[in-house]
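Participant: For reference, the structure I am asking about is given below.
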Amino acid sequence: MNPLIPAASVIAAGLAVGLASIGPGIGQGTAAGQAVEGIARQPEAEGKIRGTLLSSPASMEALTIYGLVVALALSFANPFI
């Protein structure tokens with residue numbers, strides 16, 4: 001077996017998790033900033049804005065979880081070995 005395959009799999013697993021978490025991280029930061037700005041503009045809508053803000057990161061984190069699943073597949077059930 002070529003020793004480069006396990007090494008490349010570890011690097012690919014790290015890149016999968018790292019790159020998969022960049023987008024949701026930026027998205028959650030933007031969403032939180034816009035929510036604070038919206039609450040500052042309309043304090044009476046705080047409840048609606050907060051409810052939406054607390055439910056939306058669950059869908060954003062799905063991308064990070066997909067990256068983690070790919071990394072775990074490359075680490076433990078490596079299809080290249």
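Just so you know, glycine gets a Cβ as well, placed from its N, Cα and C.
As annotated by Swiss-Prot, transmembrane segment applies to 3-23, 61-81. The annotation site 'Reversibly protonated during proton transport' is assigned in Swiss-Prot to GLU61 on the grounds of sequence analysis.
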Participant: Can you tell me how many other Cβ atoms are located within 10 Å of the Cβ belonging to GLU61 (site 'Reversibly protonated during proton transport')?
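Facilitator: A 10 Å sphere around the Cβ of GLU61 (site 'Reversibly protonated during proton transport') contains 16 other Cβ atoms.
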Participant: What does DSSP assign GLU61 (site 'Reversibly protonated during proton transport'), in three states?
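Facilitator: For GLU61 (site 'Reversibly protonated during proton transport') - judged by DSSP and reduced to three states - the answer is helix.
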